Amino acid sequence: MDWLIQVTAAFSNFVWGMPMIVWLVGGGIFFSLYSKFVPFRYLPHGISLLTGKHDKDSEKGDLTHAQALSAALAGTVGMGNIAGVALAITAGGPGAVFWMWLTALLGVSTKFFTCSLGVMFRTTDKDGNVHGGPMYVIMEGLGKRWKPLALLFAFAGLFGTIPSFQANQLTAAFREELVPDSWVSNPMLFNSIVAVVITVLVAAVILGGLKRVAYVTSRLVPVMAISYLLMTLAVLFNHASEVPALISSIFVQAFKAEAISGGLLGVIIIGVSRGVFSNEAGIGTEVLAHGAVKTDEPIREGLVGMLGPMVDTLIICTCTALVILASGMWQDVEGIKGVELTMQVFGQELGLIGQILLAIQILFLAASTMFTYWYYGEKCFAFMVGQERAHLYKWFYLFSIVAGCIVTLDVVFNFMIGMYGLMAIPTMLSAFILAPKVKAAAQVYFAKLDQQK
């Protein structure tokens, strides 16, 4: 297993070098300046779109704005917020949180462009089903000669959205923190049993297709996210006097070269990569969900997509980070990271009831992520082999759950984050080239809105 850890770590480190940081952060700066921050003025309109009052049955698409955002958030709100933040802090210290924030703020503009393009350039098959995503943006917006770029996204997306990380951390949460030691005298057997249970749960939903996934996630995600936030706020209430100092430490440590062994550059890379893992801005997975929305106005979905990084990273991840920092356990627990650290923190702060409630939230949030990732992966698989063979992907996907429960955290996380980086190359490049089309459409749409006021 050691050789596999080394190979996946080398792959992740190669992809997430300084060029990738410049690609994503610089891209966010470009989109913010290019749009002159105008979309930010219309965020209230983006929120109003979630109520459904602008929806029309005559418009093509499969999901409402609220369902598309819920599906996209289901892919981000979960282990990225609970385990991903813990991984960032243990590896990069408090300063990594600042770079997660910066990635999210810039990611708001990035998502406006990528999600708008997802609706602007999508296709409809002979059965009337809508297909969207970066690969279709590339093919429809840039032309067939760019197909190798589309295939790169589809290949990376096929493997980057397997649910192994979620399955791994879900298994760890139960094995290490909740069940008696006597139950896990044979860890491999315990992991295998958990793998079967998770696989059956996920199969029951994904075999029902996209609409069942959207139905389930649109109900699970808001309830679980709000309940999780209430738990974090309960902890922070007990540490209210420490919060200003904790926030200050995030800013101070963000620019200290001695923050971790990797120095300042290491802090930046960890913060940006974990931030992207959390909110997926610039990766392209969110375009797969938003590209299926029922609308004929691409800019509308761009505005809805902007809300994702705000909810995911600026609110939920921040609360998780402050709870972990307030506990002080991130400095004291040797060898404990990811979801295990977060579970121990809530156990220290809220007792056994806190661990049990967190376990329930982890179960449902991780499951909702796995439901959404199936849709992402199947879209990528269908693009590569044809829609008529897309159903075969379900079995590969379910097998990857079992694999994730058995292999180590380092292997699944390094592999997944490396594939995320590869997805960002075609997603951002196509968005750069097609940005003028989004800007032109935005000017027309915003002018209409202003006239209606």
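Note: Cβ is positioned from N, Cα and C throughout, glycine not excepted.
Listed features, source TrEMBL:
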type	residues	note
TRANSMEM	14-34	transmembrane segment
TRANSMEM	68-92	transmembrane segment
TRANSMEM	98-121	transmembrane segment
TRANSMEM	149-168	transmembrane segment
TRANSMEM	188-208	transmembrane segment
TRANSMEM	220-240	transmembrane segment
TRANSMEM	246-270	transmembrane segment
TRANSMEM	310-330	transmembrane segment
TRANSMEM	350-376	transmembrane segment
TRANSMEM	396-417	transmembrane segment
TRANSMEM	423-447	transmembrane segment
Dominant neighbour of the transmembrane segment (350-376) in 98-121, 220-240, 423-447, by Cβ pairs under 8 Å: 220-240
Candidates 98-121, 188-208, 310-330; stretch with most C-beta pairs under 8 Å toward the transmembrane segment (149-168): 188-208
Whether the transmembrane segment (396-417) meets the transmembrane segment (188-208): three or more C-beta pairs under 8 angstroms: yes
Chain residues in Cβ proximity to the transmembrane segment (14-34) (below 8 Å; excluding those fewer than six residues from its ends, i.e. six or more beyond): 102-103, 105-107, 109-110, 112-113, 265, 268-269, 272-273, 276, 281-282, 417-418, 421-422, 424-425, 428, 431-432, 435, 439
Beyond the flanks of the transmembrane segment (423-447) by at least 6 residues, Cβ under 8 Å: 20, 23-24, 27, 30-31, 34-35, 38-39, 42, 110, 112-114, 116-117, 120-121, 134-135, 137-138, 141-142, 146, 149-150, 152-153, 156-157, 160, 276, 282-285, 287, 297-300, 302
